[in-house]
Amino acid sequence: MKRDKVQTLHGEIHIPGDKSISHRSVMFGALAAGTTTVKNFLPGADCLSTIDCFRKMGVHIEQSSSDVVIHGKGIDALKEPESLLDVGNSGTTIRLMLGILAGRPFYSAVAGDESIAKRPMKRVTEPLKKMGAKIDGRAGGEFTPLSVSGASLKGIDYVSPVASAQIKSAVLLAGLQAEGTTTVTEPHKSRDHTERMLSAFGVKLSEDQTSVSIAGGQKLTAADIFVPGDISSAAFFLAAGAMVPNSRIVLKNVGLNPTRTGIIDVLQNMGAKLEIKPSADSGAEPYGDLIIETSSLKAVEIGGDIIPRLIDEIPIIALLATQAEGTTVIKDAAELKVKETNRIDTVVSELRKLGAEIEPTADGMKVYGKQTLKGGAAVSSHGDHRIGMMLGIASCITEEPIEIEHTDAIHVSYPTFFEHLNKLSKKS
């Protein structure tokens, strides 16, 4: 796809529903007794994989674009799937689902695409095995395809080596089916969508700063869920609005969960002109409107406990840093290496092609600003949706047009991304 520089970005857009919350609304609705309705669901490829997997386990789910109705009959009504549970490109689907499957009294086989086959699963299968789960796969359960044979589980106290909502959620979902109490402790608090939504479905949890406990045997009751716009998707337009001259963008109903708003902190620290208008009628998940305007930006240092709050936004933050005065340092972000691609490598390689001065480090990168990005190059998403969108925004500010390969990866989380970008830049 060929993209060229834009003069200005103006207008208002509704960011598609949050991917993390959309996945969980389907999963928990499938485990609950009663009818769960979901509004503003993200109909991206990843979340559709979650629907498909639960349909294979006998759950009746109706989906029409961003409206979903799940007719749940409780966790005990899940049936043994007759075919492979295919998660596509979705790490969230496979890791959370492993926690559910671990305690079900049936056999299941789980796999995904080439990218999933490279992603580490032992970080989830290991604690589940400690609870009594029977999980096998390539390299002793490190890689897909994985097989799960139902087992009776016992609660554990698990200290996770990394702050990962996927690990935490998988262990809590297994804990829901285990004998006794299960506790997960993390080095920093990771995103808490699972805890918020389990509470909305009637499950009691006890939480402190970095740990959460769940008692086994609790049942979920159907709930109505509104999914706010995904702040990880909004981040691309927040960056674009700050960088492109004479711009003003209004982003409606964006999720403002404090475990996800690291990008807002970074923009404010860089000196961006950002206005936040919280909504009064937020339910379990806070949301509001964000208004961004062209800003003069300064470099920042990013590391420590903010990293889990913006791990998915680092590609677009790196681009933003090319337009900030000074050297931006991103550290403590080794987790980037096990995303859809090794995002330290892909961010550095693609931005260098556009003329950026950027260096990889062992756990992040250094970006030197302020720079003019020349462009005039062919770049690739490497099959990673967030790299593809970063390059889409980069094309707005490069001197010469760029050719972006493999843009179809963007459908995973933001199918209307280029449509929205064209609307803001007044391109048809």
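Cβ coordinates come from backbone N, Cα and C, glycine included.
Together with Lys19, Gly91, Gln166, Arg343, Arg386, Swiss-Prot lists one candidate of Arg3, Arg104, Arg119, Arg191 for binding phosphoenolpyruvate, that being Arg119. A Cα-Cα distance of 9 Å separates Gly91 (phosphoenolpyruvate binding site) from Lys339 (3-phosphoshikimate binding site). A count of other CB atoms within 10 A of each Cβ picks out Ser20 as the most crowded of the binding-site residues Ser20, Ser164, Gln166. With respect to their backbone Cα atoms, Arg119 (phosphoenolpyruvate binding site) and Ser164 (3-phosphoshikimate binding site) stand 14 Å from each other.
For Lys339 (3-phosphoshikimate binding site), the same-chain residues that are 6 or more apart in sequence and have a Cβ closer than 8 Å to its Cβ are Ile311, Asp312, Asp384, Arg386. If you measure from the Cα atom of Gln166 (3-phosphoshikimate binding site) to that of Arg343 (phosphoenolpyruvate binding site), you get 18 Å.
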